[in-house]
Structures are given as C-alpha cells and as structure tokens.
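Let me begin by presenting the structure, written as structure tokens, before commenting on it.
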C-alpha cells in the first residue's frame, strides 16, 4: 500500500487545523450561551486547542490514508477514527482524472480522481500524489483494465469455441474473423483493447485504447478538469457538431409546428410559477395597483385601502384568475421557446437532438447509455390523444448529465406507441391492475389528507376572523374520484424482455425497462401495506440524477405478485445479460421512427 | 439467512441516545433563548426518545437478515417499512468495509455495496465482526469481478 505525497500531510494538517479551530470556537460560544457554567470567553483557550488537535488529526489522516493496486481491484483505505477500506474492480472504473491547480503545478503534484458509474461523487480521490506517481497510476489502471478485459475475452472465446466444437464437429474453424489469440493460452498482448470491437466500442474505460503508461497527451486531466476524453461515453449536453444536422446524421423526428403548438398549450411548467412569483416579489407595488385597476370594472375596490368585503372578494377572484392566466401564458411561451424547431437525428449509434428559439441547445444521447424509455402524457394530452417520449440515460462524473431527455416531445399516441415499440422492441403491453384493495388504500389515504385540510381551516377559523371553516368539508367530495383516478392509472406488464410500469394521473408515465438494465429490485411494505397484504416493487436503474423523477415503482400489488415480479426481474436480468454477451446486441433500435424499423433509408 | 451480530443493538441504541441528547440540548436552547420549556418536558422528551430508540433497535435487529444467493446479495430489513432488496453481483460497482468510532469500540464493522442506481444505490450491512466483514467484502468483490458488466451503464 502507498501513501500520498508527504506535502499533503501539511495541507491536511492546515485544513483540519483551521476547521477544528472554527468548530471549537463556535461550539464554545453556542454552548456557553445555553449552559451557564460554560463561559463563552473560554474560546480563547479552546480555539488554539482545536487548532492543535486539528493539525494532529490532519497529520494522522495522512498516515492513515493508503492506496494500492492489486491484481483485480484498486484499493483505498482511509480514516482516523472511522475507517473505510474500499475495493474498486478495474472493470468498473469509468474514468481516471488528473487535476492540477496552481499550487499542485508549482510543486509537481496532481490530484487523481477515480470515478465509477452512478452516484454523483468521486469514488476515490487521491489528494494529492506526485505527477510521476499520478501518471504511473493512470497507466497501471489502464493496463490492468485492459488485462482483465483481455482475460474475459479469451475466456468467452474459449467458451464459444467449445460450444461450437460440440455443436458442429464437422466444422473445423469458426467463421468469424477471430484474432490469432483464439488459442487457449492467454497472451500478454496489450494492443488488443484498441481494436476491441468485441465489446461495445463506446468503452466505459476512456483510457483503454492507449496502453502506454507515459502518454498523457490525450488524457483529460493533465491540465483541464473536464473528463472529456471520450465524448461518446457521456450523455452530455455539450455541443457536438456546430452545423445543424450534418451530413453524417440522419433525421429521425421533427417536431411539426402543429405538434409544437399543441405541446406548448397542453404542458405546464412549474418554472413559470417561479417566474411569476419572482417578478411579483420585485415589483409588488405596481403589480398590486395593476390588479386593483383590472378588478375595478368587475366591482373591485377603487383603492386597496378602501373597500367592502364583497369588493375584496371580487378583487381576490379576479386577481387569482389573472395570476393563473399569466402563469399559463408564460408557461406556454417558455415551452414554445424551449422546444421550437426540435429535431432528433442519429449519428452512428448516438441520438442527437437540437431545439430552442432564442438559445439553441443540442446534445447527444449514446444509444447504449439508454437505461429506460418513458411515455408521458398529462390529462389534456390524453384527451386529444397525444403523448411524449423520453429516454433516461446514466451519466457519471461532474461533466456528464444523466437523466431524462426528450426524444419526441409530443406526437400522436399511435405514433408514440409505435416509436416505443420500435425503439425498445417491447411487445404491446397488456397491463395488469393492482388489486382493488389498493383503491381502498388510496381512499383512506386521501380521506386523511382531507381531514388534515379541514382541520387547518378549523384552526384558521379559531385564530382569524374567518368563520365558515365547515365549507372546507367539500374537499371530501374530491376523495373518491382522486382515489379512483390514481388507481385506474396504475398498471404493470411483465414482458418477454421488458418490464412496463404505468403510474400517475397528472403526468401519466409508462416506463419500459429492459431487464438487462435493472440495477436492484426492492419489495417494500409499509405497516399499512402489511395489514392489507400489499407490497410495492421498486425497480431501480442506473442514473446519476435522483431528483427529477421518482424511481419506477409498481405500487400496491399483492405481496405474492410483487415477489413473483421480483424473482422474474432477477432471473431475466441474468439471462438477458448472458444473451447480450453472446449476441453483442445494443438492445436499442436507433432508427425507431422508421416505419419498418429495419434500418432502410429514412423516408424524407 | 444470516442475522447481524447482537451487539449491533448497542450501536443503534447509542445512536438513538445521541439523537435524544441533541434534541434535549436544542430544547434547552429554546428554553434559554426563546420561550420557557419546563424541565420536566425536556426530560420527558429525552426519555421517550430513548425508550422508542431502544424498542426500535431491538425490533430492527430481529428483522435484519441477509444472504448471498446464486446471483445476488439479498437483504431484508426495516421496522416501519419492511424492504427486501436484491443486489445482483453484476451491478456491484465497488465494496467498502467501514466502521465509525462507536462501531470500533463495540468491535463491529459494516460492509457497504455500491451500485450505479438511484435509489438504494448503496446498500449497507451493519453489525458484522471485522473478520466477517473482511470475508464478505472479499466474497462480494470476487463475485463482482467474475460477473460481466459489459453493457455500458
């Protein structure tokens, strides 16, 4: 195991010294304020003590931080009081970054960051090592990753050969263009990974193609922090091609003006609410005057200071309508400007999109990074028979954003369904509904919420002049329809190669998850669900964004069904992975808008 | 199925006690600066917090189980919401052993398994003896290295 550069002991010492100094000061002052026996003035003594202890801690941290390269994994152990020892298999490493600030450059040092897929944080950060050591590490990791891949490739090939030999003894040689290394002896050739067409070529290991450990030329991090060595490996929004839809690219979908208008008018953006509120806070006076003026013809008060309760009521209603209308108009304009001229195309096996009226956005979505596909539709869109198609991708590192990207903002439902089926290869789902017990659960849940609402109004009536709190009992009328609507929109389908999950009334999302994209499966039962014999199944896929949409969940099905799907998902993940390894299949049909979806020339 | 080491209850109880004490200090601060809070109420809140913490810890220990199955690490846990999780070995990104100061004092250690997922992306198995944790980490690492994960996540 190796230690960091000795200079990092100094920086850690100072860092923790000042941290603990301020911590000791704040703690002494706060505790001195609360408890009489402690004097706030003690900080004169505690702060230097904190500093000394902090320095000691920082130095101890340096001595307790170790990293090392083993045949299979990169290991890091750290921590003084709390210890952590981490083992990262080489094959899971996505990125090795070197970073140098001014200080590091001055002293010939570098910060090495090692990233794996998922999770927003850096998995191992060596802060810091000498430049030569950093380059050695990068080269070593690259080489060992290549070794592991090579071992695997040969093992697979051997397995394939054995299979073929058994299958057809008459055939002497496999017909594929196998490399000479098809003999069972493992060779130490390092040149193979570069021509690594066996695996998916958008290698998650950016450094692999260059086996030389002392060639930092094309490395992302020698000076710049951006891990942009391999643009195809990330689903980022960086501009990839300056010209709109270059010659290599093929158009897959254009958002027609009609669809753009429908999309603008039928979708609502919460950002519009934020925008309106923002403007209101900055120009409260003029806006209130304006609202009063607008409400006047309808019987509102002549001035905000003078008016009867009726005229105030009218003012409130008219202003509320104004607010809603303005927010809606803003939302329509925002959507229009954002999705104006939306185009989706393909370049190789990447989806490329661009959109925007005032500012043009473009980005690419590598097909092999697509984790799941979601069809969304809100009540309005469902009414007119339209829906949108989104793809979820996984990203890693600070520069690449995973998350949801719109592949087709809005199109006729029939087309969207055809797109989805072409894109993922899923069969038309026959949805299963949760048991009716689930609806009873929502009835109970919404009744509780309604009760809380009434209680709040009752409380308000006690505290303010507002008296007719009992009118709020009307909310109970919304409970049965709400429960029913939530229930009827739930559904799931266990397909041959995909799991399809539908949920949500306001935004109904139908997510198609290929089994081979499953990360973990969780069966969850709250105390309420246990009483009713229900369970929810959470099917997790890879993504670095957690806040956008909730994880696909099959809500409130019978425990037995949930366990069945749980087992099925796990089994099919394994078989699908085996199949994919054999067929080298991308799993995503890039030409999904093509009517025959078999890759013929696109009809323009 | 394997249960956790029984000393884990002490760790959870200690954590609950620390939480109860912090709540007590906050209440004392409220009493000092904002409004009078009777000492009896502060003491009551702390004691109730402690009792609930103890009950929760004991129950949690009773339900916590895990197992290494043929294709995945399987865990069951949870008092309020009972969760059964399967983490396929192919999805294991890396494995940690960790222990904090209290765990160290109790001679315990945790294994944390990371996946690239969004929810439950890191799965923690607490309450293992250091030897068992080490052994589990080795096993999981081997299984993770063995399994193929060529599909770019």
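Glycine residues also receive a Cβ, built from the backbone N, Cα and C atoms like all the rest.
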Range among A:389-408, A:409-428, A:469-488 that TrEMBL annotates as transmembrane segment: A:469-488
Matching range for TrEMBL feature annotation, transmembrane segment, among A:205-226, A:227-248, A:249-270, A:271-292: A:271-292
Criterion met for the transmembrane segment (A:312-337) and the transmembrane segment (A:271-292) (at least three Cβ pairs under 8 Å): yes
Non-local residues, at least 6 beyond the ends, that sit with Cβ under 8 Å of the transmembrane segment (A:12-35): 41-43, 46-59, 61-62
Residue numbers, six or more beyond the limits of the transmembrane segment (A:443-463), whose CB comes under 8 Å of its CB atoms: 469, 471-473, 475-476, 478-480, 482-483
DSSP-derived helix, strand and coil totals, residue by residue, for the compositional bias 'Basic and acidic residues' (A:156-165): 10 helix, 0 strand, 0 coil
Helix-strand-coil residue split for the domain 'YdbS-like PH' (A:488-566), DSSP-based: 18 helix, 41 strand, 20 coil
Averaged pLDDT, computed only over the residues in the domain 'YdbS-like PH' (A:488-566): 89
